[in-house]
Amino acid sequence: MADGDSGSERGGGGGPCGFQPASRGGGEQETQELASKRLDIQNKRFYLDVKQNAKGRFLKIAEVGAGGSKSRLTLSMAVAAEFRDSLGDFIEHYAQLGPSSPEQLAAGAEEGGGPRRALKSEFLVRENRKYYLDLKENQRGRFLRIRQTVNRGGGGFGAGPGPGGLQSGQTIALPAQGLIEFRDALAKLIDDYGGEDDELAGGPGGGAGGPGGGLYGELPEGTSITVDSKRFFFDVGCNKYGVFLRVSEVKPSYRNAITVPFKAWGKFGGAFCRYADEMKEIQERQRDKLYERRGGGSGGGEESEGEEVDED
């Protein structure tokens, strides 16, 4: 979001938390601004701007500090949806945290007041961009630090010119008390402007030329399951190589993911079903053996009791 790009940053009339449809006739890449929303959280202002250019719709998030300093992130609408879901996980985790102990705050002060280790971390990867989300804490409180790194060699929605392979990064810090308000504002923009997202079918640099580009305007919704302390996310995406399923394994301090192409889903599903059936049979056999062992030790006693009852 360059200076002057956003209608809300220019001080346009919608006021705090107001949607502000706007458009731009010319400019670089003929970018059109579709909506803008402003949030005031503690002493910071956050702007969420939905924009569109020839490559599709995308979201720009800007943080404006008390001194006027700005940090900006750029997300495709598909990544924005993943980001919204991740915010839900952080909100849930934050709600379960108790207050910081005096010892923890004192330790933070001894370290110069800087953030302690992350209370929860996740990351998102899409094409040439990576997003790192860390819930941290310092003497001023808890906050979600969001860092974006961009490989300039990959192009994309908001990428400007730069030497191939060169990485740049931007970071914003969202006070934890504003997580729900921020998530709800983001969800509203996605609901209103994410339905016709061409990028969902083509990827940040994609078009209609790839194997899946432009052919899959609708994909299955993502889902997740929780097992003990782990959570597994299933997200369907599409890029120039076709449709894929990303399976992410998430623990409080760890995240790993695999990507399964659409043509292998049937084989993966068959393998899972086969192993589930085999394990069910193994468990049943073990249970039967356990019952037999228990019955063998007490069977005689049960029979004698039955005979005594008959004699009575």
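Glycine is treated like the rest: Cβ placed from N, Cα and C.
If you look up Swiss-Prot, you'll see 1-32, 284-312 marked as region 'Disordered'. The feature N-acetylalanine is assigned by Swiss-Prot to A2. Per Swiss-Prot, the feature phosphoserine maps to S6, S8, S101, S298, S304; the stated evidence is a large-scale study or a structure entry. Annotation comment: Swiss-Prot describes R24, R152, R294 as omega-N-methylarginine. The annotation region 'DNA-binding' is assigned in Swiss-Prot to 28-254 on the grounds of similarity to another entry. If you look up Swiss-Prot, you'll see T31 marked as phosphothreonine, on the strength of similarity to another entry. For K267, the entry in Swiss-Prot reads N6-acetyllysine. If you look up Swiss-Prot, you'll see 284-295 marked as compositional bias 'Basic and acidic residues'. What Swiss-Prot lists as compositional bias 'Acidic residues' is 302-312.
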Would you kindly list the residues that approach the compositional bias 'Basic and acidic residues' (284-295) from elsewhere in its chain, counting only those six or more residues past its ends and only Cβ-Cβ distances under 8 Å?
none
Can you tell me how far the Cα of the residue listed as 'N6-acetyllysine' sits from the Cα of T31 (phosphothreonine), in Å?
43
How big is the gap, in Å, between the Cα of R294 (omega-N-methylarginine) and that of the residue listed as 'phosphothreonine', rounded to a whole number?
75
Tally every other Cβ atom lying within 10 Å of the Cβ atom of the residue listed as 'phosphothreonine'.
20
Other than its own, how many Cβ atoms are within 10 Å of the Cβ belonging to R294 (omega-N-methylarginine)?
10
